[in-house]
C-alpha cells in the first residue's frame, strides 16, 4: 500500500510539473510547443508576404512568428538553428513597418503589442528577419521581396 501511494504521488508530481510547461496542449505533427503556442520552421524560402500567407493557411490565428520576450526569442533562435542547414542568412518574422504619413509604425502581424524588441542597432523597421550572424537573435531590416525561410506561430489555447 505504501509503495502504491509513493508511485501515485510521484506520478502526480510529474503530471503537475508538466502541466505548467505547455504539455497540457497538443500541437500538430511537425510543430513545436512553447508557452502555449505552436511553432513551425519552414526551410522553403518565400518572400515576406507569401510566408505570412502560408502561415495563415496552416492554422486558425496562424501568422509569421511574433516574439514577445527574450525567452521566446531564445526559443525561436534555437528552433531556427536546428533546421538551418543551408546558406540563408535571414529568417522571416512577423514584424513589419506599416508606414503612415512617413511615420514608422512597426506592428506584429498577429495584432499583438510590441512589448519586447531586439532590433539590430541602426536598423530601420521595415520587414524584419532574424540574422545568422547573431545566431538568429537580432532583428534586421530586409527587403520584403527577398526569399528566406520563416517561422509560423499560433496560439494553442
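Glycine is no exception: its Cβ is also placed from the backbone N, Cα and C atoms.
Pulled from Swiss-Prot, these are the features on record:
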- 1-23: signal peptide (SIGNAL)
- 27-38: disulfide bond (DISULFID)
- 34-153: domain 'C-type lectin' (DOMAIN)
- 55-152: disulfide bond (DISULFID)
- 84: site 'Key residue for binding with integrin' (SITE)
- 90: site 'Key residue for binding with integrin' (SITE)
- 127-144: disulfide bond (DISULFID)
- 133: site 'Key residue for binding with integrin' (SITE)
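Where Swiss-Prot records a feature, it is marked here on the structure.
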| residue | record | contacts (Cβ under 8 Å, 6+ apart) |
| --- | --- | --- |
| 27 | disulfide bond | 33, 38, 39, 156 |
| 55 | disulfide bond | 40, 62, 63, 64, 94, 150, 152, 153, 154 |
| 90 | site 'Key residue for binding with integrin' | 129, 130, 131, 132, 140, 142, 146, 148 |
| 133 | site 'Key residue for binding with integrin' | 89 |
- Task: Identify which of the disulfide-bonded residues 144, 152 has its Cβ surrounded by the largest number of other Cβ atoms within 10 Å, counting every protein chain shown.
- Result: 152
- Item | Three-class DSSP secondary structure - residue 90 (site 'Key residue for binding with integrin') | strand
- Task: Looking only at the domain 'C-type lectin' (34-153), report the model's average pLDDT.
- Result: 81
- Message: Tell me the coarse DSSP state (helix, strand, coil) of residue 144 (disulfide bond).
- Response: coil
